[in-house]
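Down below is the structure, laid out as structure tokens.
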Amino acid sequence: MGKEKFERKKPHVNIGTIGHIDHGKTTLTAAITKTAGLLGQGKFIAYDEIDKAPEEKERGITIATAHVEYETATRHYAHVDCPGHADYIKNMITGAAQMDGAIIVVAATDGPMPQTREHILLARQVGVPYIVVFLNKCDMVDDEELLELVELEVRELLTSYGFPGDDVPVVRGSALKALESDDPNSDACKPIRELLAACDSYIPEPQRDIDKPFLMPIEDVFSISGRGTVVTGRVERGVIKVGEEVEIVGIKDTTKSTCTGVEMFRKLLDQGQAGDNIGALLRGVKRDDVERGQVLAAPKSITPHRKFKAEVYVLSKEEGGRHTPFFSGYRPQFYFRTTDITGVITLEEGVEMVMPGDNATFNVELIAPIAMELGLRFAIREGGRTVGAGVVSEIVE
């Protein structure tokens, strides 16, 4: 196993299978691991192992997710597959498994079905940036024209939800035939190799957190006599260097300052970066000007907002959520990063109420602005207990 260490140099990409029940997502996941295993680029994980994925808790929400990994010549992939439809919805909304791209599996025998649509819509709303199509069960369709029609239908569906349907790679094959083959160079495994090649070329390497604009959610504020005000927190992304200008965003009016010192484990540093727990010394900022719930950010990189649309999953009673539905005008707390902010919910037109265990689109107005961007995750709480999880899908104002 001396090779393992060296391989870690490959860029890491997060991916997952989505699509309608019984269209072959789990079979495809198993087939990919088998082909990769035969090529010496991963370990074969059998269908049953993936299918009985253990339940995990993410923000108090129970999600069953299988994680597998494999490599191509140029990349290391972490791949998620969920046994149930509800698990997918929870996964995508909570961001438990962040996806840089998704493989949508469509059975050629059925064409796009209701969950195919729902998963594509959710992928759009939660910001999954790229989709690759695997047209499965093609061995069961004799008519070439029928395959053409199904492919066209999938492309049109993707276009209707804002994905570039004409440019999306579509790979045809049979996941089951590939899974049954023991020769990675066989015709049965060829579609799997094509699919991985399509992922390699079509899904770009994700930008690393450290390369993004600096942002740190503020957890605590101290004043140090003779030195000024220190804010502490874990750097979410980017790098902060001593002497750089920063903005304090959210809750109050945005203010500017200069970072005059960075401290970590009581040592002075010249910079802090993504993943570091730091204290940042701010010039000319009073202790009372800053509070938990604001963020420290690179100038002009993020703005505060009060009104937004979100995709939300409402916890079921079994998950410790509410026992009763709620209606428009409901006023819970929205927990963003480090703090709770009260907000009022308006449901979409024609939606009467939302039941525990449902997912829905919310229109929210907060009582104070929060540093916000598309894809930002939050929890919905009532008296300190989580009753829902959501993701910002549109900023209104």
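Just so you know, glycine gets a Cβ as well, placed from its N, Cα and C.
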Original post:
Swiss-Prot lists region 'G4' for one of the ranges 72-75, 136-139, 224-227, 256-259; which is that range?
Top reply: 136-139
Subject >> Cβ neighbour count (within 10 Å, all chains shown) around Thr26 (Mg(2+) binding site) >> reply: 22
Original post:
Going along the chain, which residues at least six beyond the ends of the region 'G4' (136-139) come within the CB cut-off of under 8 Å?
Top reply: 23-24, 27-28, 105-109, 147, 172-177
Original post:
What are the DSSP helix/strand/coil residue counts across the region 'G4' (136-139)?
Top reply: 2 helix, 1 strand, 1 coil
